[in-house]
């Protein structure tokens, strides 16, 4: 993947296109809350700015695109299969729980559900698997699999639309064909999956409960899903924080979850993936309450745990995928996209990483961008953890560093067009819905491209390092 802009684009033309594009964003809802306005994260419609975007799409050879799309339903099924093996999840994360309080609390809720033999007949997963194209090996390698709060399914499709619009208007200058930007229906596909789960729950008066952070500048990404749910499926969504659920929620003897007096069919988490989302016991109490109810959870506690870095690393070990999947071709496809992953009980790999830190990334059990450790920091952290001894190393995994090819790009943030070398990451959304033995949905559901200045190590757009992008398919 390379965020390629044809060199023929004159900087003055790029500036003009950036102004047009920023106006298009405002007219089409490709917006986020403005950090400069304190109310922008709590009051809808206040303090909006265009979402940061790449002026033109990242280039990707079509075979890699097809490979990534083919993987989505296989990963969906893998998440479901692994989630059913409570012992595997508890055992694999047993060391992590001793040094990571957040993982420990999630495992505690999971253990309680195992003890009461909690049935989850309707299982809904809205996932995103992230990849980079490694220039050293010319292979598409997975960065991570997100099983909770996979963001930007609302805004991502708008960037594809923006890029097609710019190509249509400036085609004579760009030599780019709009039809090579793949269609992206992520927001309507996610809304459809939520609506189908609501229909399987089969209570007409029930609602979808979206769990949100108390302050959320990315609320418009979420409101796109809400809009599709109401307009296309007639389903009402309410937004609540975990602390509001604790105050207003109850589980009836029959298992029904009531929040603010309304029966909940589906709980869709857009929060709850980071320790910051649980500042007090109230939030943990709400998470447990939801898990004990009969509402469909997206994700359930077991789906959430499958998305941890440690489980990603366990699944990459020899013969582990075979525990969960029978199809040898599917297993081979998954293995092909796995980067090198190691737990830190391997002294040899720690030694190598300290000697050559530039070849590795140190990852803690955290979602949401801004957490990975690189270079000299990685060297220092590993050396310190080794000296401390004990189980401190279990809070991390080590991953092969992927080296995508950097290309010339224009990135637009806050109305300013920045020119520079950039690298891109492809996220493929997947939707999975099963009711007992019936698989209702198992699909690839659109994509997300993120592009960042190549000197930035982290990939999270909301964390402020990257911009939203789309995809331009090339023959090779």
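Every residue gets a Cβ built from N, Cα and C, even glycine.
What TrEMBL says about this protein:
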type    : residues                                          : note
BINDING : 128, 148-151, 216-218, 222, 270-273, 450, 461-462 : substrate binding site
BINDING : 144, 146, 367                                     : Mg(2+) binding site
BINDING : 144, 309, 363-372, 374, 399-402, 425, 452, 458    : ATP binding site
DOMAIN  : 206-306                                           : domain 'Glutathione synthase substrate-binding'
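Features as recorded by TrEMBL, highlighted on the structure.
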| residue | record | CB count, 10 Å |
| --- | --- | --- |
| 128 | substrate binding site | 26 |
| 144 | Mg(2+) binding site | 19 |
| 151 | substrate binding site | 21 |
| 217 | substrate binding site | 20 |
| 222 | substrate binding site | 22 |
| 271 | substrate binding site | 20 |
| 273 | substrate binding site | 22 |
| 370 | ATP binding site | 13 |
| 374 | ATP binding site | 15 |
| 401 | ATP binding site | 22 |
(message) Taking 10 A as the limit, how many CB atoms besides its own sit near the CB of residue 149 (substrate binding site)?
(response) 25
(message) Just to be sure I understand the packing, how many Cβ atoms besides its own are within 10 Å of the Cβ of residue 364 (ATP binding site)?
(response) 16
(request) Express the distance between the Cα positions of residue 222 (substrate binding site) and residue 146 (Mg(2+) binding site) as a whole number of Å. (result) 16
(message) Looking at the binding-site residues listed here (151, 217, 273), whose Cα lies nearest to that of residue 452 (ATP binding site)?
(response) 151
(request) Consider the binding-site residues 144, 146, 364, 401 and say which one has the Cα lying nearest the Cα of residue 128 (substrate binding site). (result) 146
(request) Looking only at C-alpha atoms, tell me how far residue 151 (substrate binding site) is from residue 144 (Mg(2+) binding site), rounded to the nearest Å. (result) 14
(request) Have a look around residue 452 (ATP binding site) and count the other CB atoms within 10 A of its CB, chains all included. (result) 26
(request) By CA-CA distance, flag whichever of 144, 146, 149, 271, 273 among the binding-site residues is nearest to residue 401 (ATP binding site). (result) 144
